[in-house]
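For reference, the structure discussed in these notes is given below.
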Amino acid sequence: MGRLIFLSFGWLVVFLSLSGTGADFQCPSEWSAYGQHCYRAFSDLKTWEDAEKFCTEQEKAGHLVSIQSIQEANFVAQLVSGFISGSPKIYIWIGLRDRRKEQQCSSEWNDGSKVIYVNWREGESQMCQALTKWTEFHQWLNTDCAGHYPFICKSRV
């Protein structure tokens, strides 16, 4: 009996190790996986509102990217830096905008997740937020929501 339990446990360990770490999912073609999400940068130039709408209409019905940690910020920066060329002043929309209610900034990303990690450039914290090439896509800068820029969508697996 003890040997059967030992063998069963051994097979369970082998099965779990072969099945991976929980990232055994397929993102749609041209999307990149990180954690439990799929990401894709789009070169289409859209306003913040139009970019958010576009992201919600994708196959996985996502949102403009929310960034919850320095590790995720580094992943997004790497994804974007391989995608964008040209002017160092290019902006990339992310899913955060100033929704002021009595002079208080929103504490939620547009996907409803809490803002637990921030990386605003000094003096920046209003309007719509974007990454910019001159900070190597790491810091968040505010810009007019009516501007037309590329963007990154993020969707749950």
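One is the number of the first residue shown, and numbering goes on along the chain from there.
Cβ atoms here come from the backbone N, Cα and C positions, even for glycine.
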Q | Cys38, Cys55 - which one Swiss-Prot pairs with Cys27 by disulfide | A | Cys38
Q: Disulfide-wise, see what Swiss-Prot says Cys145 is paired with, picking from Cys105, Cys128.
A: Cys128
Q) Nearest to Cys55 (disulfide bond) by Cα, among Cys27, Cys38, Cys128, Cys145 (disulfide-bonded residues)? A) Cys38
Q. Of all the disulfide-bonded residues given, namely Cys27, Cys38, Cys128, Cys145, which is spatially nearest to Cys153 (disulfide bond) at the Cα level?
A. Cys38
Q | Cys145 (disulfide bond) and Cys27 (disulfide bond), Cα-Cα, nearest whole angstrom | A | 29
Q | Structural state of Cys38 (disulfide bond), classified by DSSP into three states | A | strand
Q: Measure from the Cβ of Cys128 (disulfide bond) and count the other Cβ atoms within 10 Å, all protein chains considered.
A: 26
Q: Measure from the Cβ of Cys38 (disulfide bond) and count the other Cβ atoms within 10 Å, all protein chains considered.
A: 23
